[in-house]
Amino acid sequence: MALTSLLSASDLDRRTAVELLDLAEEMATVAGREVKKLPALRGRTVVNLFFEDSTRTRISFEAAAKRLSADVINFAAKGSSVSKGESLQDTAQTLAAMGVDGVVVRHPGSGAPHRLAQAGWLEAPIINAGDGTHEHPTQALLDAFTLRRVLHGEPASGAAGTGADGKDLAGATVMIVGDVLHSRVARSNVRTLHTLGASVVLVAPATLLPWGVESWPCQVRYDLDEAIAEFAPDAVMMLRIQLERMHQAFFPNAREYTRLWGLSAARLHALPADAWVMHPGPMNRGVEISAAAADSPRALVLDQVANGVAVRMATLYHLLTGEDSH
Amino acid sequence: MRIRIAGARVLGGQAQDIEIADGRLAEPGSAGRPDLTVDADGLIALPGLVDMHVHLREPGREDAETVETGSRAAARGGFTAVLAMANTQPTADTAGVVEQVWRLGRESGWTQVQPIGAVTAGLEGTRLAELGAMARSAAGVRIFSDDGHCVSDPLLMRRALEYVKGFDGMIAQHAQEPRLTEGAQMNEGVVSAELGLPGWPAAAEEAIIARDVLLAQHVGARLHICHVSTAGSVEIIRWAKSRGARITAEVTPHHLILTDDLVRSYDPVYKVNPPLRTAEDAAALRQAVLDGTIDVIATDHAPHPAEHKCCEWTAAAMGMVGMETALAVVRLAMREEEGFGWDQVARLMSRNPARIAGLPGQGHGFEPGAHANIVLVDPGAPHTIDPADSASLGRNNPFAGTEVDTAVHSTFLYGHPVVLDGELQAPHPASKEDTWPL
């Protein structure tokens, strides 16, 4: 399907998702070159419109756009409501008047990128770089990309130049552990992993699962040890837990959370020997993930970061040129 | 002024002539030569509609609505009386503010504006507002509500219910347990889970209603539940009524027909409090209207300036306009073949709210001598709802683009035509006089 914006992981069917991952494999080869740059988006302007601080995500998108030779404008807009200053509408129309070619938006409110894409304020493609507790689709793509590489070899796309489709994640079992309720990463990953054929298992205390999670295309368990034994996952994805959640009675305290849902050294040991450990970062070492797990040879945390640039290059290229590959 | 309405179907019945003289209904043929004859062929005559729940925003937010513009919208919607909620700035929590709203209503003269007083000072939920002073003021307040906020303190709610018994007052509760709805953005359900918006669980409404019906029965007080939105609330109200509690309940037109699926658009026009619920909830509400569990359809007309709706969902204000399209939407939601005929429209949108609010000149029958508050409705007027075609300052109408077939043709306010053939005419000439409206 021809994407006009990437707002949600549900915008991606299997074919489009695989195409983006294949394109990202091509983009990844740029990182290995002496000159890490392609001319693909020369003369185009990409705005990183960040209503919420996220240095990691911003520099990942910035690096991606620059490696495609786009001009990058970073627009940090704090606050967004009428009472706090310039409205989303005015910001969007300002960018439209400047003639930008793509907008990467990060916003604390769920749905803000949808609003930007659908309100008619600007025409440029919108990439959701994380909205509230809704979605973070490029994170899900980079996680899928990372998983596909470790499960299928590198590169995991079809043989270069043959036009053959790359592989999906059929048969893999991925366990996502932690604060699903507040996690845009989890929402996007459940959808993307399901679209790519993987089985997804969510593990969390019931307080940190959204009401109605049964309607999601995944299984749900409350007990991490039992879930590890039951599913023998190919990968576990640990979600960051915000410690202030315990003040809102989502769980009694950090110690209990770590004891029951943290990836301890013992649980790392209980996982299948070939299981991979993932985390979207930034990690709370000693809380949801132990140093043993974070630093183990099975940890993919830095691969995820590195792959983020390639996946975002592919997304920008696809949306701004309307092409699947070179 | 003498008016002859020729050939109107009273409450949907046989066509007959209606004569009005000096603000009251007269025996047909007795009024002599009329000053105005209205051809009502094919039109339905109903008692003037009474909206128990509107936000007129004045004083304080005259950019959103004024008593004048809201009154015009009421007249166009067929409402000959509206009850104005207390969440103005300043709050309508003193005799001075309710008298101001009451006076502004009389100066407008497009509809009868009856102020609702706040239950607690500043809607803060900590101490009672001057309930007695508001009751004894010129505005004669009988309904008290912190609408927009719940009177969540159970002891304060009990005291308020008891205190207003002394002047036949009533508390209208906005049922929303505040702790269960902190930061809530939409109905808690499968849609909120998918959209990542903090949920407003049905139980937060139902828990307050359950508590309050028990309290009201315990102290023998009247209680009105504003904008019931869930199937569970209907069950509790049905149960409370079966026990003989003095409970009345209202539903909005939008909760009868719109559902939380619409929030998938993230368009803030669908953001409202209580939130749009599920299709099962809407079906239960329609059934409750049919079986009498719900007494009143009221709009919760809540105009907002464009900048409070043309933004991202999470920053947007909650509320929808509704007075001008209420009748058409109710006709769309409630099917005549299911037993919701014109007499039911009159019951839910005129007689019951007039009785509950204690407005003797409203919600009457068509017998000679009754006050001539009448609306003529055209049931065969297909049109598309256009938010810009509105006397309200608010354009936040979620029914934009909806095809409806019912339109308000004329509105007579105490015998004076404030709307004819869909057009505003002139306010009631005597509305500023001391004797008006009674």
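Just so it is clear, glycine is given a Cβ too, placed from its N, Cα and C backbone atoms.
Predicted, not measured: the structure shown is a model, and the values here were computed from it.
What TrEMBL records for B:44-231 is domain 'Dihydroorotase catalytic'. The Zn(2+) 1 binding site annotation in TrEMBL covers B:H53, B:H55, B:D147, B:D300. For B:H55, B:L56, B:R57, B:N87, B:N273, B:H304, the entry in TrEMBL reads substrate binding site. The feature Zn(2+) 2 binding site is assigned by TrEMBL to B:D147, B:H174, B:H227. Annotation source TrEMBL lists active site at B:D300.
Here the features listed in TrEMBL are painted onto the structure.
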residue	record	CB count, 10 Å
B:H53	Zn(2+) 1 binding site	28
B:H55	Zn(2+) 1 binding site	26
B:L56	substrate binding site	31
B:R57	substrate binding site	28
B:N87	substrate binding site	23
B:D147	Zn(2+) 1 binding site	25
B:H174	Zn(2+) 2 binding site	25
B:H227	Zn(2+) 2 binding site	24
B:N273	substrate binding site	20
B:H304	substrate binding site	27
Nearest by CA distance to B:H174 (Zn(2+) 2 binding site): which of the binding-site residues is it, out of B:H55, B:L56, B:N273?
B:N273
With Cβ-Cβ distance below 8 Å and at least 6 positions apart along the chain, what are the contacts of B:D300 (Zn(2+) 1 binding site)? List them in sequence order.
B:H53, B:V54, B:H55, B:C226, B:H227, B:T252, B:H254, B:V272, B:G319, B:M320, B:G322
Rounded inter-Cα distance in Å - B:N87 (substrate binding site), B:D147 (Zn(2+) 1 binding site):
7
B:H55 (Zn(2+) 1 binding site) - helix vs strand vs coil (DSSP):
coil
Cβ within 8 angstroms of the Cβ centroid of B:H53, B:H55, B:D147, B:D300: which residues besides those meet this for the Zn(2+) 1 site?
B:V54, B:M85, B:G148, B:C226, B:H227, B:A298, B:T299, B:H301, B:A302
Looking at the binding-site residues B:R57, B:N273, B:H304, whose Cα is closest in space to that of B:D147 (Zn(2+) 1 binding site)?
B:N273
Tell me, roughly as an integer, the mean pLDDT over the domain 'Dihydroorotase catalytic' (B:44-231).
97
What other residues of this chain sit with their CB within 8 A of the center of the CB atoms of B:D147, B:H174, B:H227, the recorded Zn(2+) 2 site?
B:H53, B:M85, B:S145, B:G148, B:A172, B:Q173, B:A175, B:Q176, B:C226, B:N273, B:P274, B:D300
